[in-house]
Amino acid sequence: MESSILESIGVEIIGVMSPVSICMLLVVLLVYALSPSNPFSASAPPIRTAANLVYLESPSDSASQKLEGALLNALVFVVLIAIVTFLLVLLYYYNFTNFLKNYMRFSAFFVLGTMGGSIFLSIIQHFSIPIDSITCFLLLFNFTVVGVLSVFSGGIPIFLRQAYMVCLGIIVAAWFTKLPEWTTWVLLVALAVYDLVAVLAPGGPLKLLVELASSRDEELPALVYEARPTVSRNTQRRGSGLELLVAGVSDSGSVELQAVTRDNVNRNENESRGNSEYSAVEFGSFGSEGHDSNRDEGERLLSEENARDRQSLSSDSSGYSTVIVQSDRATQFSSGASEIINEEMSPLVEMTGLGNEREQLRRDGSEMFSKGIKLGLGDFVFYSVLVGRAAMYDLMTVYACYLAIISGLGCTLILLSVCHRALPALPISITLGVVFYFLTRLLMEPFVVGTATNLVMF
């Protein structure tokens, strides 16, 4: 039975969900660990950032004031992101690639050195780690420099680059959890809507950037997490169970059939590529001897397999063609051979170009993952912000939001394998996460706590 698209990209999907889960877990641990200390305490005054330029939320404000201020903050922040993204597209369109790379290097250095350094100092103070200032500076400097080199330089192990991308997401998400509660939730919803428009709408900045990078066959000028595809050994073992039926015309003019392995065909095909040219092979009439003669012929061919594998195919033969057949049963071999003979296809080489439409669709679906699934750093950040904000209320909301985000990411990856185009990763996951958060906080948490406190079993 043919493998589905989901089976062929299963490893890549797990390769994306695992770092996302690690990022969310570490952000939750940071929120819990640093909650009594500054600058990540929930009781500390909110900081002024680009996400709350217009309105700074106060506990004494009414719900309408908080909602209105949160909407204004989200609107300003989304407009700023849109302007920066269009500027990025404009610079990339006019080939300011070196400037963009240097800007991203500076951004990564700033995030790891200053924002990450602040978190590092908070951890040292909270856990009373005995360390002097010189050692702390050297560790932070080495961590920052190695991080920038790992993300932007070649020849670095992919695991190290992925680890630093996750670190960048954790640091930025930990700072975003300091935003006021109303501003955080409205901002997450606004960013999900913006991501949907920017990627799918005609003229969207992210869509223009992806199309421009694809037309130039270049990497996106952005911080993107790459999950490189891996070929499992089971797949290779399944492929080795198939054999190839090779048909060629010998010097005497008779038609010869030979069952060889896939490796032999690849080797002989490379050797004969420069010496011979494919030609038409026609099968004559083999009479009407019935299925018994075909079965005997198939058994005879299978018995000669070991002997014929030791012989190399002559480079003077006028053509080769390959047909994938099952090698474990002689009956399947003979039935397939009888169908080929009765078709009288000329030339036989054209038969390999027909293929199976379903197999071609599966191949097309897996080709888009040949370079791995790519997930923007912003997706890591805002997934973790949602879970971090949920962690400030209760662990039950953390579990619900985590499951909702992972389910939404899985749905997005399934749609990616079906649509064969770039898709936004925020809308489904953020929508499910926000809905599950409020359902858990308003409905599930009071019900579970009430039944537990009253010793009600259900």
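Here the Cβ of each residue, glycine as well, is placed from N, Cα and C on the backbone.
The compositional bias 'Basic and acidic residues' feature in TrEMBL is assigned to 264-274 (among others).
For 289-311 (among others), the entry in TrEMBL reads compositional bias 'Basic and acidic residues'.
Residues or ranges marked as region 'Disordered' in TrEMBL: 260-319.
Annotation comment: TrEMBL describes 12-34 (among others) as transmembrane segment.
As annotated by TrEMBL, transmembrane segment applies to 70-94 (among others).
Summarising the annotation, TrEMBL assigns transmembrane segment to 106-125 (among others). Within the same chain, residues 30, 33-34, 37-40, 131, 136, 140-141, 143-144, 147-148, 151-152, 164, 167-168, 171-172, 174-175, 223 sit at least 6 positions outside the transmembrane segment (106-125) and bring their C-beta atoms closer than 8 Å to a C-beta of that stretch.
Here TrEMBL flags 131-152 (among others) as transmembrane segment.
The annotation transmembrane segment is assigned in TrEMBL to 182-201 (among others).
Tertiary neighbourhood of the transmembrane segment (397-418): same-chain residues 5-6, 9, 13, 16-17, 20-21, 24, 28, 365, 368-369, 373, 383, 386-387, 390-391, 424-425, 428-433, 435-437, 439-441, 444-445, selected by CB-CB distance under 8 Å and a gap of 6+ residues from either end. Annotation comment: TrEMBL describes 397-418 (among others) as transmembrane segment.
If you look up TrEMBL, you'll see 425-444 (among others) marked as transmembrane segment.
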In terms of Cβ proximity under 8 Å, which residues at least six beyond the ends of the transmembrane segment (70-94) contact it?
50-55, 57, 100, 180, 182-183, 185-187, 189-191, 194, 198, 205-206, 208-209, 212-213, 221-222
Using a Cβ cut-off under 8 Å, which residues of the same chain at least 6 positions beyond either end of the transmembrane segment (182-201) come close to it?
51-52, 55, 57, 66-67, 69-71, 73-75, 77-78, 81-82, 85, 176, 207, 210, 378, 382, 385-386, 389, 422-427, 430-431, 433-434
Folded-back contacts onto the transmembrane segment (12-34), same chain, C-beta under 8 angstroms, at least six residues removed
6, 40-41, 119, 122-123, 126, 162, 165-166, 169-170, 173-174, 177, 225, 227-230, 369, 372-373, 375, 379-380, 383-385, 387-388, 391-392, 398, 402, 405-406, 409-410, 413
Against which stretches of its own chain does the transmembrane segment (425-444) lie, if we need a Cβ under 8 Å and a gap of at least six residues from its ends?
185, 188-189, 191-193, 195-196, 375-376, 378-379, 382-383, 386-387, 390, 393-394, 396-397, 400-401, 403-409, 411-412
